[in-house]
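What TrEMBL records for this protein:
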type	residues	note
TRANSMEM	105-126	transmembrane segment
TRANSMEM	138-161	transmembrane segment
TRANSMEM	226-249	transmembrane segment
TRANSMEM	270-289	transmembrane segment
TRANSMEM	309-328	transmembrane segment
TRANSMEM	335-354	transmembrane segment
TRANSMEM	360-383	transmembrane segment
TRANSMEM	403-422	transmembrane segment
TRANSMEM	442-466	transmembrane segment
Amino acid sequence: TRELHLEEELKEMLAEDSHLKDFTVIGSGGIPLARKVCYAVGGVPYQITTVAIGVSLQIFLLDVVQMEASYVSMILFVSRAWDAVTDPVVGYLVGRSNWTPVGKLTPWLVLSTPFGVLSYLLLWFVPRGSVSKALSVLWFLTAACLFETLMSCYNVPYLSLSMFLGGDRRDRDSATAYRMSVEMLAMLLASVIQGQVVAVYNKEKQDVCQHLDHETPQSTSSPQNAFLTSALVMGALFFLCSLVLFLGVQEQQVRPSYLTSLKLLICHKPYQRLVLGFVFSALAFQMSLGNFALFCSHAAGLGAQFQHLLLVLLASASIAVPLWQAVLLRIGKKATVFIGLSLFIPAAIIVACVPSNLPVFMTMCILMGFSVATIFLLPWSMLPDVVDDFAVRHPSCKDLEPLFFSCYAFCSKLAGGLSVGISTMTLQFVGYRAGACNHGDGVVMALIVLFSPVPIALLLIGMVFFHSYPINERQSLQLREQLTTVQ
């Protein structure tokens, strides 16, 4: 009876108070389709550059620039670690920003775009002339750290923008599904572009190795120009997609007060479980996919088919995103995470056992693609539920969305830094030689271990944390009702 009476009072208040009525329209009136699509397009720049760097930067530095593996490991690890540190800093600065005529987050997106494009081009530019080894290492380390900083200035406010689109939980989940679908298509496009560059380079390297007596061919300007040309294409896509985001998405204004509650956020149990599950799962996938090109070339002997294998993997992931969105609506997000992540385990085991069998490898890439799609969709779809739970438990802490998303991105990038650092140092330890045509059994075995057993172990740890994640669908609906009442 009291609940019914309270509901009637709320309806009367909404009928009498035009301000509350406007707030209700913004909060639960739904997000227009055009706004969802434009918001989704804004995720393309980060994904295409991430795929390009993940697929070929290691090969570019090792074989084209012909830098020692220890220096490559240092560049990749330091830049990822720097990127991870900048995320919470940018999140704090974004949260402290004042509202402008175009919003609170949009100025960060607009200002970081041109400089982000420029820094990305510098990352693939090889200094000409007699440049010493130390200066070459400093050049790529500076370019990588600068690019990661500018991408944090773009990606942190972009991820936080999902909480400022309007609508309710279902609307935000729908917008997240749109974003993941477009991002998977962007990754597919980037894999085609960058995979073609790597495939052409592998073919040229194979031809040179067949006609040379010595084992390590010298780098030429042809592959360097190919990598730089692909960077120009990526930069153009970066700029165009950022323009669509700016023109098509208008932030829904909230109160500008900002209370730093990092301790409460870290101690929030649902956030802890979700972040730890996401970190170990992301570390597993990034370690496996980060060594995908080297595994295909040196362990499986399928370097010429690398582009097609990567294309199949990402195409299946793109198709799987809307399918997983439909599944989670029926069985819930937590159950969907377990099903999706479990698909990776048998696929990785089979590929490691029969790496040279192209039809089997291709089939397992489809299965791995379906599993990869879950780590792209589900954790980011579950995070708004954690934000709602935190808002209900700590109503005095407001406007912490950038901090939630930036700390989440921090953990993801830290996992990426660890994966490339561990992988490259392992290859250095087992005797990987930059640009060499052939490698010993130690390198082959290391690539197999980095591609399958280690990621599977990390994935199982992540699934344990997801199992202890306390928010289910019923609790999520209750949170939604409580948050609506508070509002």
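Heads up, the Cβ atoms here are built off N, Cα and C, so glycines get one too.
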Between the transmembrane segment (403-422) and the transmembrane segment (309-328), are there at least three Cβ pairs closer than 8 Å, leaving out pairs fewer than 6 positions apart?
-> no
Beyond the flanks of the transmembrane segment (105-126) by 6 or more, those residues with Cβ under 8 Å of it = 42, 45, 49, 53, 57, 60, 64-65, 90, 94, 97, 140, 143-144, 146-147, 150-151, 153-154, 156-158, 160-161, 164, 224, 227-228, 230-232, 234-235, 238-239, 242, 245-246, 249, 251, 402
The recorded stretch from 138-161, 270-289, 335-354 sharing the largest number of CB pairs under 8 A with the transmembrane segment (226-249) is 138-161
Looking at the transmembrane segment (309-328) and the transmembrane segment (270-289), are there 3+ C-beta pairs under 8 A, with each pair at least 6 apart in sequence?
-> no
Residue list, the transmembrane segment (360-383) vs rest of chain: Cβ under 8 Å, 6 or more residues beyond ends.
-> 159, 173, 176-177, 179-180, 183-184, 274, 277-278, 281-282, 285, 289, 300, 302, 308-310, 312-321, 323-325, 328, 333-334, 336-337, 339-344, 346-348, 350-351, 354, 404-405, 408, 469, 471
